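Novice: Quick one: the structure is below, questions incoming.
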Amino acid sequence: MSHSVKVYDTCIGCTQCVRACPCDVLEMVSWDGCKAGQIASAPRTEDCIGCKRCETACPTDFLSVRVYLGGETTRSMGLAY
């Protein structure tokens with residue numbers, strides 16, 4: 001099953017999602033758009049198992065990382081990888 005992992009520009013660079021992912025789908029990359037100077041990126045979405053631990057770990061009010069399973073669709077906001 002194909003999963004889509006999207007990282008939005010509300011990411012605060014805390015690394016919680018990266019540490020929560022059991023499949024190393026996420027990594028931090030440099031980005032000047034937030035105080036932390038980094039943002040989560042999802043370069044290995046093919047390894048995503050859809051557990052949504054990254055979503056659970058995200059401390060922002062608007063989840064900065066979202067996993068869309070199979071047929072779920074959304075209009076992308078911010079940065080999508």
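Placed from the backbone N, Cα and C atoms, the Cβ positions cover glycine too.
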Novice: Out of Cys21, Cys34, which one does Swiss-Prot list together with Cys48, Cys51, Cys54 for [4Fe-4S] cluster 2?
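Specialist: Site partner of Cys48, Cys51, Cys54 for [4Fe-4S] cluster 2, according to Swiss-Prot: Cys21.
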Novice: Quick check on the binding-site residues Cys17, Cys48: which one has the highest count of other Cβ atoms within 10 Å of its Cβ?
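Specialist: Highest number of other Cβ atoms within 10 Å: Cys17.
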Novice: What is the set of residues, excluding Cys11, Cys14, Cys17, Cys58, whose C-beta falls within 8 angstroms of the centroid of the C-beta atoms at the [4Fe-4S] cluster 1 site?
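Specialist: In sequence order, the nearby non-listed residues are Ile12, Gly13, Thr15, Gln16, Val18, Ala40, Cys54, Ala57, Pro59, Thr60, Ser64, Val65.
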Novice: Taking the centroid of the Cβ atoms of Cys21, Cys48, Cys51, Cys54 ([4Fe-4S] cluster 2 site), which other same-chain residues have Cβ within 8 Å of it?
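Specialist: Same chain, not in Cys21, Cys48, Cys51, Cys54, Cβ within 8 Å: Val5, Cys17, Ala20, Pro22, Cys23, Val25, Leu26, Ile49, Gly50, Lys52, Arg53, Val67.
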Novice: Including all protein chains displayed, how many Cβ atoms other than that of Cys11 ([4Fe-4S] cluster 1 binding site) lie within 10 Å of its Cβ?
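Specialist: The answer is 24.
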Novice: Going by Cα-Cα distance, pick out whichever of the binding-site residues Cys11, Cys14, Cys58 is nearest to Cys21 ([4Fe-4S] cluster 2 binding site).
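Specialist: Given the candidates Cys11, Cys14, Cys58, the nearest one is Cys58.
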